[in-house]
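K.L.:
Residues or ranges marked as GTP binding site by Swiss-Prot: 17-24, 89-93, 143-146. As annotated by Swiss-Prot, domain 'tr-type G' applies to 8-291. Residues annotated as region 'Disordered' in Swiss-Prot: 293-314.
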Amino acid sequence: MARTTPIELYRNIGIVAHVDAGKTTTTERILFYTGVNHKMGEVHDGAATMDWMVQEQERGITITSAATTAFWQGSTKQFPHRYRFNIIDTPGHVDFTIEVERSLRVLDGAVVVFSGADGVEPQSETVWRQANKYHVPRLAYVNKMDRQGADFLRVVAQIKQRLGHVPVPIQLAIGSEENFSGQIDLVKMKAIYWNDADQGTSYREEEIPAELRALAEEWRAHMVEAAAEANDELMNKYLEGEELSIEEIKAGLRQRTLANQIVPAVLGSSFKNKGVPLVLDAVIDYLPAPSEIPAIRGTDPDDEEKHDERHADDDEPFSALAFKIATDPFVGTLTFARVYSGVLTSGDAVLNSVKGKKERVGRMVQMHANQRDEIKEVRAGDIAALIGMKDVTTGDTLCAIDKPIILERMDFPDPVISVAVEPKTKADQEKMGIALSKLAQEDPSFRVKTDEETAQTIISGMGELHLDIIVDRMRREFGVEANIGKPQVAYRETIRNTCEIEGKFVRQSGGRGQFGHCWIRFAPADEGQEGLEFHNEVVGGVIPREFIPAIQKGIEDQMQNGVLAGYPLIGLKATVYDGSYHDVDSSEMAFKIAASMATKQLSQKGGAVLLEPVMKVEVVTPEDYMGDVMGDLNRRRGLIQGMEDTPAGKVIRAEVPLGEMFGYATDVRSMSQGRASYSMEFVRYAEVPASVAEGIVARQGR
């Protein structure tokens, strides 16, 4: 079967944004204008196509990334061919950043949606950082231009100041707030007005209003200069005072967008049906096809030092990345995969190179939100859901059996909050185990473990909302009723001092004894090093080599259980440099226990301290309540980082320990009579003040 759409006509894009910037509404409009939907769904009616989980429809937010395929030939059918869009709608709530992260990993370009009234918000900064990490070229779409306080050029300035990128407006607004009536296309230098009769599908072009002419010329000059900087040929033409043609302007802007030097900025109001078709045109003009992004890098499964790469080409060996696992009530497990190279036909066997297991692909479907169209093959650049995979988790590579490769994996953050869950009845016990393991398979930022001391099941995630939704899904999808305990903070422990400690385990009581003896030098690890950095400096065979791994294992086991209050110990450098052994009585177990005993002594000798997760908190409040809000943040051991004015009120930025933030949603609402809102995200671990740490250690009963 030949390729139906040439790869140059593909656009794999994500729609990403802050929680209320209007991302899902924008996606719904895209589906309407591209003819996938014949009727528009509205988020506030709970009818949006992309929000297909019940929880999403109830809460009016998007939790999982739904993937959809659509076609577009231009707002006035100006392109000679139909382009194929694979669109992923991502959540904007900070507890679900993991969904955004894994979407950006497999996309070629992104449309970042900002609210014209609220501008750059905390979550926009997070999304931007993630897009930088994966070098994703992007467009900025300033939405909600009909809202009170909307100001396109203010948002453009914020993108530059706060996100450190160079935005290049290619449109300007005509009117604002309730008088927002259209936009100026700076490339063509025409005013555009949308036709309400066909819900903004078509528009008419007119001359630019006289009062906006000077502003348009000023911003067009900025745009042309940005385009000219793409290459010497355009720059020379520009410097010699020649006019750049429309094609040259677009080519220059495209080249610089793909190189992540600039971000073209467009505007509109998705809800009022103004501007979305031009966003789609800009995706074609300025965002890359799969063949225009650098080849994806990977390593040889048998030799990590050996690097390899795959190009977006049907003739190269097959390779794909599984970026999401979802459970479907009708077909079981769906594995969403992005194909980077080669061709896969249903029924083929592939290798999961991360786990070293072969899998057979049963069926393949292309998703439109949660409706499915069955397909027979996928090719380089495609995004599809595979059915019948047995043992694939997020981030695994699927590849040709005879040409194995492991593609670069995704990093997932560790959870910062835990709660105990108990099934309400004995019958729920087994069902809960199955439900939690399925949910953990879908979501790498959600973890499940059993507390060894209390035998309780502990679930951990990225925030209170994240865990609420997990419990809700257990009830709805698996019929498990569960009680949940109070949230617990994921504290960590580390050491501040370098010290040398002797670990000795000797037991001689008839029969074969036990003898393990080692000297270990402990030190804080280098900045950014989380786990154990282990070195062996034993010389002269004072400890035989076969016992060294047991010493490392003893240290690692004790690190899991901590030395102060039972929290995991992180950031440790350990060097075993001396010791002794007994010909008969020494064993791996004896050395493991000796090393564990040495590690335990770090609580006194290593200056062990507790670390707590610190959150970046941003509160938006009317000025009248600002004093109360700031006083309250100070009481919560918050450090105020700064403040600024926005049309919505004062924005207060602070860093606050997570342990002080439980129940904050209720408190901030009652303080401000329901008018303040806040968002928070994890920034780093920091040392707990001694007075607070004493209480935590005492509570843990150590």
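Any Cβ shown, glycine's included, is placed from N, Cα and C.
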K.L.:
In sequence order, what residues of the same chain, 6+ apart, have a Cβ less than 8 Å from the Cβ of MET145 (GTP binding site)?
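P.N.:
Listed in sequence order: GLY116, PHE152, ALA173, SER176, PHE180, LEU267, GLY268, SER269, LYS274, GLY275.
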K.L.:
Who are the long-range neighbours of the region 'Disordered' (293-314) in its own chain, taking Cβ under 8 Å and residues 6 or more past its ends?
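P.N.:
Here the qualifying positions are 3, 7, 108, 135, 258, 340-343, 353-354, 356, 379-381, 397, 404-408.
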K.L.:
10 Å Cβ neighbour count around ALA17 (GTP binding site)?
P.N.:
29
K.L.:
DSSP helix, strand and coil counts for the region 'Disordered' (293-314)?
P.N.:
0 helix, 13 strand, 9 coil
K.L.:
Would you identify the secondary structure of ALA17 (GTP binding site) according to DSSP, in three states?
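P.N.:
ALA17 (GTP binding site) sits in a strand per DSSP.
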